[in-house]
Amino acid sequence: MRFSIQPTILFFDSGVGGLSVYKETKQLLPDCHYLYGFDNGFFPYSEKDEKDIIDRTLRICQKINQTYPLDLIVIACNTASTVVLPELRRNFSIPIVGTVPAIKPAAEMSETKHIGLIATKGTIKRTYVNDLIKNYAYHCMVEKIGSTKLVEIAEQKLRGGEVDLNVLKQELSPWKTMKSLDSVVLGCTHFPLIKEEIECCLPQVKFFVSSGKAIAKRVKFLLKGIEVRSKIQKKNLIFCTKPLEDDKSVQQILDFGEFENLVILSD
């Protein structure tokens, strides 16, 4: 699908995990104008107050929209998606896409009807997630692990750091002996970035399911017939709320997402 005029799409997360969703969308829609914003000044969202998450997400999206008129926003963060979508939709007239743990497809794929959900602590405790399980995995045994450490490991990897498999195995150790566990939901957008390492720790699992491809298809559908707000040729950019520690981290992120430049947003 090619666009003669580029729709501008913003992907937003507290960290770099949302780049996994961005990559899936860019692969499907290579000719759009892409912006990526991450609130590293308040990272991680998983254990933060809901009101603070809502306020910061809205403020950052509005600030980017002032300079780069947006046609669609993807909240590429499972934790934020459980709380911010209603407020964003009240303040924007453009499509807003959230990220939902892929519990339904995992339950459908599972042959043993024994599935696992790895997510942040914030996502795990949301009523919304329990409702998804009740509606779509009521016939399955569902295990849950809420982990901030896995998010930090994924961040380190994308910035050029090493993944400590021993730490990863420790986080996932409750599932090590569950032989019937055959499907795992990667319920945080960071986790596809360390999927290979997670697979090594859970060799009995046949299916690892994330939301990236489904979100990309949803974005493609919503862009049909959209009236693009800004019709100039644009560069793909990334935004953060706090300077990164070193130039290597900046370059790793720019290269991974094929972005032209990184912009630091001031409060």
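Glycine is treated like the rest: Cβ placed from N, Cα and C.
As given in Swiss-Prot:
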BINDING   Asp13, Ser14, Tyr45, Ser46, Asn78, Thr79, Thr189, His190  substrate binding site
ACT_SITE  Cys77  active site, proton donor/acceptor
ACT_SITE  Cys188  active site, proton donor/acceptor
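Feature map: annotations from Swiss-Prot on the structure.
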residue: Asp13; record: substrate binding site; contacts (Cβ under 8 Å, 6+ apart): Leu19, Gly37, Phe38, Asp39, Ile75, Ala76, Cys77, Ala80, Thr189
residue: Ser14; record: substrate binding site; contacts (Cβ under 8 Å, 6+ apart): Phe38, Asp39, Asn40, Phe42, Phe43, Pro44, Tyr45, Cys77, Thr79, Ala80
residue: Ser46; record: substrate binding site; contacts (Cβ under 8 Å, 6+ apart): Thr79, Thr120, Lys121, Gly122, Thr123, Gly146, Thr148, Val151
residue: Asn78; record: substrate binding site; contacts (Cβ under 8 Å, 6+ apart): Thr99, Val100, Pro101, Ala119, Thr120, Thr123, Gly187, Cys188, Thr189, Ser211
residue: His190; record: substrate binding site; contacts (Cβ under 8 Å, 6+ apart): Gly15, Val16, Gly17, Ser20, Leu150, Val151, Ala154, Glu155
State the count of C-beta atoms found within 10 angstroms of the C-beta of Thr189 (substrate binding site), not counting that atom itself.
33
On a simple 10 Å Cβ count over all chains shown, which one of the active-site residues Cys77, Cys188 is most densely packed?
Cys188
On the Cα atoms of Asp13, Ser14, Tyr45, Ser46, Asn78, Thr79, Thr189, His190, which are listed as binding substrate, what is the maximum pairwise distance in Å?
12
Which secondary structure state does DSSP assign to Asp13 (substrate binding site), in the simple three-class scheme?
strand
Would you list the other residues of this chain near substrate - those whose C-beta lies within 8 angstroms of the C-beta centroid of Asp13, Ser14, Tyr45, Ser46, Asn78, Thr79, Thr189, His190 - in sequence order?
Gly15, Gly17, Gly18, Pro44, Cys77, Ala80, Thr120, Gly122, Thr123, Val151, Cys188
Would you please pick out, from the binding-site residues Tyr45, Thr79, the one with the fewest other Cβ atoms within 10 Å of its Cβ?
Tyr45
